[in-house]
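*Asks:* So TrEMBL has the following annotated:
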DOMAIN    1-119  domain 'Response regulatory'
DOMAIN    145-374  domain 'Sigma-54 factor interaction'
MOD_RES   Asp50  4-aspartylphosphate
Amino acid sequence: MILIIDDDIAVRTSLRIFLKHEGWSALTASDPEEGYAIIRENELQAVLLDMNFSMETSGVEGLAALRNIKQLKPELPVILMTGWASIPIAVEGMKIGAADFINKPWENQNLLESLRTAVKLSAQDVSAGSVSRMQLNEKYGFENIIGDDLELQAVLKTIGRISGTEASVLIIGESGTGKELIAEAIHQNSSRKNKPFIKVNLGGISSSLFESEMFGHKRGAFTDARNDRTGRFEMAHKGTIFLDEIGDLDLNSQVKLLRVLQDRTYEVLGDSRTRTVDVRVICATNRNLKEMVAEKKFREDLYYRINLILINLPPLRQRAADIPLLANYFLNNLKVLYNRSGLKISSAALSWLKDLYLSGNIRELKNIVERTVLVSEKDTLEIKDFEYQIESVGKQADYKDLPAVGSMTIDEVELSMIIKAMDHHQQNISKVARSLGLSRGTLYRKLEKYNIPYEAQK
Ligand SMILES: Nc1ncnc2c1ncn2[C@@H]1O[C@H](COP(=O)(O)OP(=O)(O)OP(=O)(O)O)[C@@H](O)[C@H]1O
């Protein structure tokens, strides 16, 4: 049962009829007071709350009503209905505890999605009991996400719970902590799993190309547009779009992104027709978005739009007990890949690895294990094998210091040199590119190829 609180009878009636058609029964109230009485007396699943009553348009009444409802029934999800002009009010409402906000005039499908998500999430909050790591693996197929750390287990429970909803998810965590892996796991556990999962690295897209990348363009839309181009949103239609490095997006592009996330509509450059898209949105960043909002570098309304569910991935140093598990997991994969079934890591080396400071987190650990396996000819990897690897990556450039012929491939040498230059120039892409004699574009491609963490710069 849904409650609609709106002073406009036309809105109440059309919403009630629409919801009935979709299988929901609804009660209506023309003002908050009437709404409170209904809330007290009925078992409701959600409330649709208009933000403006009488002639008042500041939204203050709506916010007061939201506070009262949250006091009456804290767990009852409330979806706010606001006009575009009153986005700050919606943001205020999200801080108070609204489940979501939709724009008036509303899109029926958007409204339905938001309602379903809110109801599903609140129902699950109540029923989420304690489940073991093994049960989680069985139920959601998390076998490839390694770790016994309690914080990671809490993350896995959350993703199990929310994957089936349409809720937007924001994953925060340092570089290499597994944000993309988690995003994929959410997609795999959703009803969209047989549709595309499209990853976009927003850090690598310049602001002038943002619209063409995301929404596509028609041939001739601008000077360099020689062919039609399909945008990422269109590619992700019916599936999931994973917006990585969202904290790198400039303010102009943030407005453009907000619109499509809000209304699920966009236009292809060079074509005025408005298109609709159906996507689940997952974002990730290693930046502190809250701080960026306070500094006015990230739009607050966009922040609330993308983080209905917030997932925080702990850095590896806070879960060092997982390092041996992860190292062995990567080793086992390499055993199969290189057909070296005798490979193992000595227990001394495993505990030595636990004490390493790995700023690149799990990705760095994975790279170290891979490089050590490639270089070492022995089956049992000892501390010195790992030490040699780590040192050789950090050594001064001098041809005399190059490893023995046959011990490294060109790719491995290239990888080591890029990591070294990145460290030397503290990740300054322009300087690194110059020192390696590469264009920035080529450097970015190589960083991607070798999975080297970096912060894209303009
Ligand atoms: N819990 C885990 N179990 C097994 N492998 C993991 C785990 N977490 C991360 N990995 C692996 O570590 C590597 C880095 O993970 P991923 O790309 O998901 O990190 P990220 O946080 O998205 O990094 P970035 O911020 O640099 O984009 C990947 O190869 C991934 O498969």
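Using N, Cα and C of the backbone, Cβ positions are placed for all residues, glycine too.
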*Asks:* Tally the residues of the domain 'Response regulatory' (1-119) by DSSP class, grouping H, G and I as helix, E and B as strand, and everything else as coil.
*Replies:* 61 helix, 24 strand, 34 coil
*Asks:* Return the average pLDDT for the domain 'Sigma-54 factor interaction' (145-374) as a whole number.
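*Replies:* Per the prediction, mean pLDDT sits at 92 for the domain 'Sigma-54 factor interaction' (145-374).
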*Asks:* Mind giving me a neighbour count for the residue listed as '4-aspartylphosphate'? Other Cβ atoms within 10 Å of its Cβ, every protein chain shown.
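*Replies:* For the residue listed as '4-aspartylphosphate', the 10 Å Cβ neighbour count is 24.
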